[in-house]
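Now, the feature entries from TrEMBL:
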type	residues	note
ACT_SITE	H210	active site, proton acceptor
BINDING	C218, C221, C245, C260	Zn(2+) binding site
DOMAIN	92-364	domain 'Deacetylase sirtuin-type'
Amino acid sequence: MTSENIICSFTNCDQGHVIPPWSARVDVRGFHVPKSKRKGMVVDWTGDGSAFFHMTCWQRVCDLAQGTTPNIKLCKKEKDLIYEAEQTAEFHDSEECFQKEALRIAALLRDSAYCIGFTGAGISTAAGIGDYRGIHGQWTNNDKTKEYGPASASFGLNLHSKRDHLLPTYTHEAIYKLMDMGLIKYLISQNTDGLHKLSGIPSDKISELHGNGYEEKCDTCGSRRMRRKSTDQHLRVPPQECCRCGCDHRTGNTCEIPGCNGYMMNTIINFGDILEEFVYSSAKENGEKADVVLCLGTTLLVSPADELVTLGKKPNRLVICNRQSTPYDDYCNQIDEHGAQIGSRVYGDCDRLMKLVMRFILGEDHIKEWEEGRDQRIALYDMTRT
């Protein structure tokens, strides 16, 4: 939850324009329109096409774009802005909603026999890593720049320049704590930042579907190790372009297994690469056991990873927290034979939700002790990385 008021961008806002921190809101981003051509528009768009709304104001703006309000006519350019903004709109539920759903999620976790986690890029944005499909995400930025020119670009955080300084977020630590308590049995992640394992998740309790930027494997014997910085030996390692993704997976290191001398490769799965069979098989096996799936920070749009969340026992008790809509949202709101909602759908930031969930699970006394231990955990992370 943001600590500051935000001003609603809808010029016809009837709620006082101010969006308090505890209220529901929508953040959107269209494309760049010169200020001289934004005169007369019903939305006060920023230079890169961003805008912020009360939830009801955004709905009114969308209705205007559809022409359902005959007394107000929008110009074609503003309609195009709204249609573009709809594609990546980010929603934030009210504090009241967060409190209610956090209580429901805590109960689901406690009552579950085999809960698994499923995470995406959204849990690492608080660590300083940009996401992909958010309003300022990498793919979103690429698409807008290609379609509307460089003036529509948005420059986010650079993952690679900060990689060695990244720390697990509150959500990473909460997942590890819940696993340590036995409430989460297994974790499936689409992230390559290595923050789950850094937080303490053991290798046999996680499937990193798209690899880990801190691990490397030998292309000859298959042995694995934590990736080391390349030394002068990288000058003797010839590059090799991957026939599937076109990238060079070699890290510049060589295998240290006696008699092997193979070349070490990163474990990153790029577009075009095939998921490692043992990684996917373990994810599928645990997905089939699940009675609750806690999905955090993912739009669930990447196949075949997304299919794993509905493999478990019926009914599919899905919990999803993400700023944007997913194809699986309807699963969260299904009703069981007793008339109770079987899952939970929360729009917003994962850290905000998990702070509430952990309070309901640990209680006020234990949550304070656990949260105050972060400095010690950070020291451990630093030792692990070095």
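Here, residue 1 is simply the first one shown, and the rest follow in order.
Glycine is treated like the rest: Cβ placed from N, Cα and C.
The shown structure was predicted, so the numbers you read here are calculated from the model rather than taken from an experiment.
Mapped onto this structure are the features recorded in TrEMBL.
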residue : record                       : Cβ neighbours (10 Å)
H210    : active site, proton acceptor : 20
C218    : Zn(2+) binding site          : 20
C221    : Zn(2+) binding site          : 13
C245    : Zn(2+) binding site          : 15
C260    : Zn(2+) binding site          : 15
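Nearest to the residue listed as 'active site, proton acceptor' in space, judged by Cα atoms and limited to the binding-site residues C218, C221, C245, C260, is C245.
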